[in-house]
Amino acid sequence: MAGGITDTGELYSPYVGLVYMFNLIVGTGALTMPKAFATAGWLVSLVLLMFLGFMSYMTTTFVVEAMAAANAQLRWKRMEKHKEDDEDEDSSSGVSDSDVLLQDGYERAETRPILSVQRRGSPNIFEITERVEMGQMASMFFNKVGVNLFYFCIIIYLYGDLAIYAAAVPVSLMQVTCSATGNHSCSVGDGTKYNDTDKCWGPIRRIDAYRLYLAAFTLLLGPFTFFNVQKTKYLQIMTSLMRWIAFILMIILALIRISRGQAEGHPSMAQLSGIRNLFGVCVYSFMCQHSLPSLITPISKKKHVNKLVLLDYILILAFYSLLSFTAIYCFRNDTLMDMYTLNFTNCEIINVAFIRYFLGLFPVFTISTNFPIIAVTLRNNWKTLFHREGGTYPWVVDRIVFPAITLIPPVLVAFCTHDLESLVGITGAYAGNGIQYLIPAFLAYCSRKDTQLVFGSGTVNKHLSPFRHTFWIVFVLIWGFSCFVFVTANIVLSESKL
């Protein structure tokens, strides 16, 4: 994720790209959405979900536009470098000064028509063929302060991601194993409220079981932070398949229960107190901007990429609505779990033990495969942030310090709290807000300025966002900063009431 231009990889069709983007966006955040929907009310939730989906689509088009501008800048710099190399060769070949002057004049004359074609909108200059990550785009278009703020934002987001992952796996294991023993058998989703101090196995309390699982999770997956890991194609296929089986199962089981007249949910229309967490969950659940270079660049035909992205957002919006509405009408508000899969570990919902355990342990499998990848990404961002041209890190700093500062903070947060709804809400509301709204808006604004400066005011970026008027950039920036103020005020007011 940090800096640098990497290989594009194997090309795929636009529709395969659409599927990849769908799989990326619909992840862990979707599992916390039903509880957030129930807390905020169905009408408020639906309106906010649609609005935030629209905002996320807009900023996605901003990032695609900035990617095209970055590709154009890189091509132009290569052309300039090639021209300088040619001039150096000519100057060393023994030609006279008058010949050089004549040749310079000829080159300038030859350059003008090429640039005029580019100003009219050359079909190739803005083609997205090289994968330029967001860190690289920040380095190209932002000043030093802007680059540091970008890395600060992405690092905080990744820390939040790791804390959510580190808490979600032990929570799922605690809920399933503690409820599968003694008198608690099959009672995870039956409305029984448990305290952290309740017994799990003998003298072991539920909070003790959670922390034991957290320690095991850290010891098993933490060491990967100290090495390089890569997500393989087969691992992607396996986790995507498991995710789809789990989501489809939950929707079908909820619909069956509703059709049989066993629905218990009576959601309210609006509860303003739940908007803060809902906002964070929705932002988190539409997050894809930081991975767009990896998704968009390998698409073979990008002519209608913005329309395909719009189709993806419409499908995701429909999917989130279906998942959340079936959940809030199937289950009572007070019985919906932070991790929605845990509602299906109750024998009354499904009497097939294999399905109960598959859904209950689903987050364990998928999150465990993602945790090392996110950890290595965060570690590399730390290295990039402090890297100085030509400098190298001592072995201890490179192999011990950076992995340690990557792993320890999220594990400590997970040790202190396993409130997944709040973790997702705060991560999405703050760092997610910056990555999804503020950074793309600034990238669009700065890339447009740089494009006009290099290629002239008549240049047309073939991947220019449909929201090309400056009003939309200003609107996104105002919205992003307003969200910071609103969420902070809401947290302060909530705490003052306690």
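Even glycines carry a Cβ here, placed using N, Cα and C.
Annotations in TrEMBL come from automatic prediction, not curation.
Residues annotated as transmembrane segment in TrEMBL: 12-31 (among others). Residues 164-165, 168, 236, 240, 243, 247, 281, 284-288, 291, 295-296, 298-302, 304-305, 308-309, 311-312, 315-316, 319-320, 323, 339-341, 363, 366-367, 424, 428 of the same chain, all 6+ positions outside the transmembrane segment (12-31), place their C-beta atoms under 8 angstroms from a C-beta of that stretch.
Assigned with DSSP, the residues of the domain 'Amino acid transporter transmembrane' (20-67) fall into helix, strand and coil as follows: 44 helix, 0 strand, 4 coil. Marked as domain 'Amino acid transporter transmembrane' by TrEMBL: 20-67 (among others).
As annotated by TrEMBL, transmembrane segment applies to 43-70 (among others). Within the same chain, residues 36-37, 126-128, 132, 134, 136-137, 140-141, 269-272, 274-275, 278-279, 282-283, 286-289, 292-293, 296-297, 305-306, 309-310, 313, 316-317, 320-321, 324, 436-437, 440-441, 443-444, 447-448, 450-451, 461-467, 472-473, 476, 479 sit at least 6 positions outside the transmembrane segment (43-70) and bring their C-beta atoms closer than 8 Å to a C-beta of that stretch.
According to TrEMBL, the feature domain 'Amino acid transporter transmembrane' maps to 135-467 (among others).
Per TrEMBL, the feature transmembrane segment maps to 141-160 (among others). Note on the transmembrane segment (141-160): residues 1-2, 66, 69-70, 134-135, 290, 374, 377-378, 381-382, 384-385, 409-410, 413, 423, 426-427, 430-432, 434-435, 438-439, 442-443, 446-447, 450 of its chain, located 6 or more positions outside it, place their CB under 8 angstroms from a CB of the stretch.
According to TrEMBL, the transmembrane segment annotation covers 210-229 (among others). For the transmembrane segment (210-229), the list of distant contacts is 166-167, 169-171, 173-174, 196, 204, 368, 371-373, 375-376, 379, 399-400, 403, 406-407, 411, 414-415, 418: same-chain residues at least six beyond its ends, Cβ to Cβ under 8 Å.
Per TrEMBL, transmembrane segment is recorded for 241-258 (among others).
Residues annotated as transmembrane segment in TrEMBL: 278-296 (among others). Outside the transmembrane segment (278-296) by six or more residues, the chain places 1, 17, 20-21, 24-27, 29-30, 32-33, 36-37, 39-40, 44-45, 48-49, 52-53, 56, 59-60, 63-64, 67, 128, 131-134, 154, 157, 302, 305, 313, 316, 320, 421, 424-430, 432-433, 435-436, 439-440, 483, 486-487 with a CB less than 8 A from a CB of the stretch.
The feature transmembrane segment is assigned by TrEMBL to 308-329 (among others).
If you look up TrEMBL, you'll see 349-378 (among others) marked as transmembrane segment.
Sequence-distant contacts of the transmembrane segment (471-493) (same chain, six or more residues past either end, CB-CB distance under 8 Å): 55, 58-59, 62, 275-276, 279-280, 429-430, 433-434, 437-438, 440-442, 444-445, 465. TrEMBL lists 471-493 (among others) with the feature transmembrane segment.
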